[in-house]
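Enquirer: This is the structure I have questions about; it appears just below.
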Amino acid sequence: MTVLCVTGTCTGVGKTVVTAALASQANQAGIDVVVCKPVQTGTGNGDDDLAEIGRLSGVTELVGLARYPLPMAPVAAAEQAGQPLPSRDQLVQHIRGLDRPGRLTLVEGAGGLLVELADSGGTLRDLAVDLGAAMLVVVAAGLGTLNHTALTLEALAAQKVSCAGLVLGSWPAHPGLVESSNRDALARLAPMRAVLSAGAAQLSVADFAVMSAGAFDREWVATLVG
């Protein structure tokens, strides 16, 4: 299987735009790409991460499983909607059904690594374990990011989930000493795969494609497909 999970150190660090950029670059390189967002909350406010990924990346195979209207953690959003969360096995089988030789299957989580996505308490980390998938971690640039990133990497290592690297999801136009220092320190924790400028999601589709084409190392992207 060629499944790569995408998580963040917290909500709002840029998981969706990073997923879109990686999908766009792989798509432009001729790789067959499918993007899966197993659990999405906040759909009642018009939030649709899969639609945004499709708009930005040009990828047309976009797959979701469970959607809840309130912008809350999945467990709470499901409770408020009076709907169950899918089971861990349902999520795993759903994702496995998408994968095939030569295809890159990107799986974007909700919130951070240990947010519960399944009715049994299953998390994105659990799905990665079941799928044998590596985890790409989207990180912030500001204060607190070193601790948040280190905790996420420790949680991955505890279950022997491989970290595929880090991505700075929203690099400021005018970084200060804190951001620059953090960028160097983060690169010592795990390979820095890409640095996306703040506001990338507001680019035109054409400009986003140009940005994405060089966002990640091409050789690394090629290695993602088995």
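Including glycine, each Cβ sits where the backbone N, Cα and C put it.
Keep in mind that this is a model prediction, so the values were computed, not measured.
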Enquirer: Using only what Swiss-Prot says about ATP binding by G12, V13, G14, K15, T16, V17, E108, G109, A110, G111, G169, S170, identify which of D48, D49, D207 is listed for that site too.
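Expert: Of D48, D49, D207, D49 joins G12, V13, G14, K15, T16, V17, E108, G109, A110, G111, G169, S170 in the ATP site that Swiss-Prot records.
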Enquirer: In the three-state scheme derived from DSSP, which category covers T16 (ATP binding site)?
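Expert: Its secondary structure by DSSP: helix.
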Enquirer: Counting other Cβ atoms within 10 Å of each Cβ, which of the binding-site residues D49, E108 scores lowest?
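Expert: Ranked by other Cβ atoms within 10 Å, the binding-site residues D49, E108 bottom out at D49.
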Enquirer: Over all shown protein chains, what is the count of other CB atoms within 10 A of the CB belonging to T16 (ATP binding site)?
Expert: 24
Enquirer: Relative to the mean position of the Cβ atoms of T16, D49, E108, the recorded Mg(2+) site, which additional same-chain residues have Cβ within 8 Å?
Expert: V6, K15, T19, A20, V35, K37, Q40, L50, E52, I53
Enquirer: Determine, using Cα-Cα distances only, which of these recorded positions is closest to T16 (ATP binding site): K37, T41, E108.
Expert: E108
Enquirer: On a simple 10 Å Cβ count over all chains shown, which one of the binding-site residues G12, G109 is most densely packed?
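Expert: Counting Cβ neighbours within 10 Å, the top one is G109.
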